[in-house]
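S.K.: Below is the structure I would like to discuss, written out as structure tokens.
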Amino acid sequence: MEKNKKIQQLREEILSHDEKYYKGESEIPDELHDFKVRKLKILEGTNTGVGHVSSERKNFKMRHEYPMLSLNNAFNEEELFSIFFNAHKKILGIESVNTPIEYFVEPKIDGVSVSLHYRYGQLVKAISRGDGQFGEDWTNQISHIMEIPKRVPMTEEFYVRGEIFVSKCNFRKIQSSTKEGEKSFINSRSYVSGALRLKDSAKIGEKLLSFISYQVLFIDGNKFKTQSESIEFLRKSGFPTHQSQYSLKSSQLHEILNFLSKFGEKRKDWEIPNDGLVLKVNELTLHPTIGSTSKFPKWAIAYKYPSLIKETILERIEATVGRSGRITYIGKLSPIYIDGSWIKWVTLHNYENVKMLKLHEGIVVQVYKSGEIIPRVISATPKFDKAFPIISHCPSCQSKLIFREGEKLQYCVNDNCERQKICKIIYFCSKKGVNVEGLSEQIITKLYSSKIINTLIDIFYLNKRKQELFKLTTLNIREKSFQNLMHSIEKSIKAPPEKILCGLGIDYIGITVSRLLLKKFSSIDNIFNSSLEEKINIEGIGPKSAKSIQDWLQNHENQLLIYELKKIGFNFSVGIAESVKVDVNHFLFGKTAVITGTFSISREKIKQALAIKYELQFRDSISKNVDFLLVGANAGSKVQQAHQHNIEILNLQEVESIISSLD
């Protein structure tokens with residue numbers, strides 16, 4: 001046992017020193033590090049009873065010498081002018097149309113970004129993009145990709161940025177050769193990412209990966225006047241680049257817009273996967289003058305083509321009930337392939353939407369999907385003037401549905417509705433709640449239908465139902481899976497208070513509001529014992545949220561649930577180590593912002609989330625004291641006002657990306 005402790009201690013020391021080493025914060029001499037590594041290898045070699053962990057440095061985050069910033073996006077010509085072309089003229093003081101700026105346009109490859117470091121003609125390091133500041137060490141993986149030069153005929157030290165991808169033709173071959181039971185990939189990007197993380201890096205050479213370079217950076221400064229010259233240098237130096245017919249150098253905006261249009265027509269037929277075009281100011285000496293934000297360069301932008309909208313048949317319309325009793329209409333489609341995945345079901349939202357679109361079974365519908373957005377029907381070609389008839393009774397318990405005052409949504413208000421009960425258990429055990437790993441929606445539903453559980457609390461006493469679980473053939477639970485489940489349940493009891501509060505499923509109380517409340521009251525008990533006025537007075541907490549808590553507590557079963565959760569051992573108080581952590585290093589920390597337009601989530605939720613994590617303050621109107629404008633779809637005059645005050649703009653995709661990165 002003493003030897004095991006020494007091994008574990010050495011491992012932790014080496015891992016800690018390695019992490020600091022790759023961040024440029026090394027605490028010990030290399031000789032001492034090497035000594036510790038040798039000592040660990042000796043101990044590991046004589047102790048086969050402990051799982052071996054390699055003592056070599058790998059998979060740590062490494063700092064980019066030059067940050068790999070992301071790109072701002074434009075989704076139409078109007079955005080391209082407002083946040084790119086016109087902005088450049090303003091920054092450079094150009095008013096006359098006769099003083100044009102030259103741009104270089106090239107495809108945006110849909111792959112995985114990498115930075116290659118060359119010294120004395122040798123590839124010495126390869127780092128993944130990561131978060132733009134730090135990435136993973138991919139040097140070993142990259143050595144197995146044939147198209148990436150390992151040696152080049154020059155002595156200068158420089159970096160090359162590019163995209164690793166798999167061609168459409170090769171990806172089709174890979175998909176068609178996938179055997180039954182093997183993992184399949186929904187798109188080529190996920191395949192590339194998975195290939196680069198193979199434990200046996202030697203197999204990467206078999207994965208048909210390709211590479212295209214798009215930027216070169218020399219340690220001692222620019223060697224070229226323009227981006228187009230740097231691309232030509234890369235091509236002559238043996239680095240793969242875009243074919244010339246897929247790029248454009250021009251100062252005439254009508255030529256650029258025409259190129260955008262023509263490329264949009266043929267991009268689907270191009271063998272290299274792409275998701276748009278990148279426009280860059282061609283003259284490199286202008287880049288420092290134009291500048292960058294903390295997120296992206298202002299001298300470059302990605303032009304994204306509208307997401308694919310496809311037609312299919314709406315075969316069936318159904319209604320479902322959720323944990324709150326709210327009724328949602330969904331549609332079953334004739335399967336359709338959009339944006340890298342097969343779509344069989346779509347949300348139809350509420351009945352108002354069904355009625356507005358005149359949806360009924362058997363009609364042709366237009367389905368929209370973009371990235372991770374849930375697919376939805378945006379229009380239809382109805383055969384009749386009337387829509388699918390409204391559901392009057394709950395699809396689960398058959399109780400009569402109601403419309404709540406001031407809302408257009410239908411609700412089942414039966415407290416004993418089985419589907420609602422199941423959904424509440426599912427939600428509490430999900431990642432949004434206390435996260436009981438391995439306890440899926442299907443398993444919970446089977447446990448409930450088999451009478452093994454009836455309430456949420458029953459989940460935490462499943463250790464007493466072992467034999468019944470073993471007899472449940474539909475679950476096929478055995479000793480190992482049972483022990484894994486017990487471990488997950490035990491682990492979930494240590495969930496932080498904000499996850500417990502969120503998991504209770506109180507209307508309008510999601511993770512963001514839970515954190516706001518706990519930041520003020522420090523414990524769930526204090527929240528429940530506070531007055532309605534005290535809760536409403538918290539910035540970001542509205543009357544609906546505050547009243548919802550009060551109403552929830554009036555239910556005797558909910559009071560009993562709280563008592564039982566405490567009895568099990570759930571911690572309702574926020575300790576010092578569990579306090580809501582504010583990210584003081586984020587570029588939004590302590591800044592002031594205005595939000596405009598529409599997003600896939602409410603603006604109030606966005607404001608709450610950013611206020612908690614970054615202490616971002618919001619104002620109603622644009623002024624010189626505002627740092628950022630958060631712009632959603634259908635934004636109004638605030639965008640123009642922001643340009644006039646030189647206020648940094650975060651577009652819809654950037655805002656939703658920041659929100660989705662939060663827990």
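Quick reminder: no glycine exception, Cβ is built from N, Cα and C everywhere.
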S.K.: Return the residue out of K89, K262, K304 that TrEMBL annotates for the same NAD(+) site as S70, L71, E106, R129, E163, K280.
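M.R.: Candidate listed by TrEMBL for the same site: K304.
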S.K.: Using C-alpha atoms, which one of the recorded positions K108, C394, C397, C417 comes nearest to K304 (NAD(+) binding site)?
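M.R.: Of the recorded positions K108, C394, C397, C417, K108 has its Cα closest to that of K304 (NAD(+) binding site).
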S.K.: When a 10 Å sphere is centred on the Cβ of K108 (active site, N6-AMP-lysine intermediate), how many other Cβ atoms does it contain?
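M.R.: Excluding its own Cβ, the number within 10 Å is 19.
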S.K.: Where does the mean pLDDT land for the domain 'NAD-dependent DNA ligase N-terminal' (2-433)?
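M.R.: A mean pLDDT of 83 is what the predicted model shows over the domain 'NAD-dependent DNA ligase N-terminal' (2-433).
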S.K.: Of the recorded positions listed here (S70, K108, E163), which is spatially closest to C417 (Zn(2+) binding site) when Cα positions are compared?
M.R.: S70
S.K.: I want to check the contact list for E106 (NAD(+) binding site): same chain, sequence separation of six or more, C-beta distance under 8 angstroms. What comes out?
M.R.: Y214, I231, H242, Y246, S247, L248, L277, V278, K280
S.K.: Find, for the listed binding-site residues L71, C394, C397, C412, C417, the residue with the lowest Cβ contact count at a 10 Å cut-off, counting only other Cβ atoms.
M.R.: C397
S.K.: Just report the maximum Cα pair distance in Å for the recorded NAD(+) binders S70, L71, E106, R129, E163, K280, K304, no decimals.
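M.R.: Largest Cα to Cα distance for the NAD(+)-binding set is 20 Å.
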S.K.: Under 8 Å Cβ to Cβ from S70 (NAD(+) binding site), same chain, six or more residues apart: give me those in sequence order, or none if nothing qualifies.
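M.R.: Once residues fewer than 6 apart are set aside, S70 (NAD(+) binding site) is near G132, K295, F296.
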